[in-house]
């Protein structure tokens, strides 16, 4: 019986109970208007001629008196045959009604109040269940079933993570042909843990595995287990695995498993809490699987360091698949997947876009394609152009433009020199990344941005690279001192980042005269998920040496940038003027300014246009005396 039929039957039952209840009350109200008299009084009144008419219904007599036409009723014995003779002799009108109907109707009328109360109770329970309270289903799993009839996701929809797909293809073979592996003594993996940064496609990979294997897919979040009531989490875990076994072979996917799988005993309020009971039940269920159940648990997290060791051991999560950010070839594949539904102009080169987006995750690339489509729609274009994608990339990297933010002329001048200081140091220092764009249009929380993109993906960086970044960060403050003869708060974030970078070089990377040593043991709480303190495991003298080394690194970068900007004052003035005139200059503009060439006149729309990624790759390639650059990993430098 489906839910629609159940609903109809339920409301028909409610209507019948209401009718019964109405008849009971109607009968009670009619009876209350009649005067109840004794049988002897009834006979006496009949013999005296005071009764006008009567109606005989079984063992009851209803009638009216002649005076005032008052109504009465009386119970009469069934074995009193003289009753009709007395009534006829005294000229009383007699009406007899048959009472030979079904006795069930009388029984229903008698029990109708109880039935109505039961119906109301069921109605209230249904209302509570259909609302947010779930009064009787707290212990039920909230997993959503993605059945085989729904839209499938396959490996064709997943790109840029070839290694992860290869790892998961064996899982598909296990689900399709489990007997093939069991004949050779192989054991089907009980769990697969997907580990990687946010936005890399862990959830999409899990759905693709279910789609390729053509099996049911249960999806639930780690936060859906624990509620305010004790024992609910463990009950939901049991119910989840019971559903999985009924639909085997299947996949159970738990997203953000760190919400329920954190290290036990690390809570600030003690070790015996509801989350730990849920984790214990999860451990028992995973360890209790039989080899031929055909239920595989897939979980995803970006914090594997906080998970309980018992959850990660072989026999529970047998495999750990790392899903990282895609490389340049992977980014091109991801862009092709997301661009299938987008009409592209002829000038769009996805390979160039992939080269210009190092460090982007799959979600970032999908967002960029979507923003490009929205940009084209706002301009009433029928196709998405390369300029739309470049604008979308800038929006993803630097934030949306805040053109409505009003800045005074003096604030614009300060921002122009500040960003020019960053750009000149980045363009004339070796070991730096290519500049992409400089703007004094407020974006995000910054009044201006100097943006650069690495030529290739970086996995490790050198000491020379970090020293170059320190010099670039100091460029904004130095430009204010040399050309404006004052300091502003705009350099606050630059100084903070430079200090943090220099301290890491000394205390973590061993890039100082103190040698390859680590100073300051971090104190982390698994419950909080991040460090809350730093244990000082060195002496006062060592602390002074650390401070001296940090200051030495920052001072050296400061002196180098000061000398560079002081020697190139004409270029600084020219770049600041170009920024004040155009608000945004791209890679070609920066190259022409440094080479002493005049910039082309402004376009009618105002502005020098948007830089393409080809420009980014061509700007001031590193040479023996200077290189092209910017801030690390495409991070914008706030003014």
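First residue shown is number 1, and so on along the chain.
Just so it is clear, glycine is given a Cβ too, placed from its N, Cα and C backbone atoms.
Keep in mind that what you see is a predicted model, and the values were worked out from it rather than measured.
For 1-4 (among others), the entry in Swiss-Prot reads topological domain 'Cytoplasmic'.
Annotation source Swiss-Prot lists topological domain 'Periplasmic' at 26-104.
On the 0 to 100 pLDDT scale, the model's mean across the topological domain 'Cytoplasmic' (126-639) is 80. Residues or ranges marked as topological domain 'Cytoplasmic' by Swiss-Prot: 126-639 (among others).
Per Swiss-Prot, ATP binding site is recorded for 196, 197, 198, 199, 200, 201, 202, 203, and the stated evidence type is sequence analysis. Cβ neighbour count for residue 199 (ATP binding site): 16 (other Cβ atoms within 10 Å of its Cβ, all protein chains included).
For residue 418 (Zn(2+) binding site), other Cβ atoms within 10 Å of its Cβ number 31. If you look up Swiss-Prot, you'll see 418, 422, 494 marked as Zn(2+) binding site, on the strength of sequence analysis.
The active site feature in Swiss-Prot is assigned to 419; the stated evidence is sequence analysis. Around residue 419 (active site), taking its Cβ as the centre, 30 other Cβ atoms fall within 10 Å, counting all chains. Mapped onto three states, the DSSP output places residue 419 (active site) in helix.
Taken from Swiss-Prot, the feature region 'Disordered' covers 597-639.
Checked against residue 201 (ATP binding site), the recorded positions 418, 419, 422, 494 differ in C-alpha distance, with 494 being the nearest. Comparing the binding-site residues 196, 197 by how many other C-beta atoms lie within 10 angstroms of each C-beta, the top residue is 196.
Counting other C-beta atoms within 10 Å of each candidate's C-beta, the binding-site residues 202, 422 are led by 422.
Spacing of residue 200 (ATP binding site) relative to residue 418 (Zn(2+) binding site) is 35 Å (Cα to Cα, whole number). Considering only the recorded positions 418, 419, 422, 494, the residue whose Cα is spatially closest to the Cα of residue 202 (ATP binding site) is 494.
When the binding-site residues 196, 197, 203 are ranked by how far their Cα is from the Cα of residue 422 (Zn(2+) binding site), 197 comes first.
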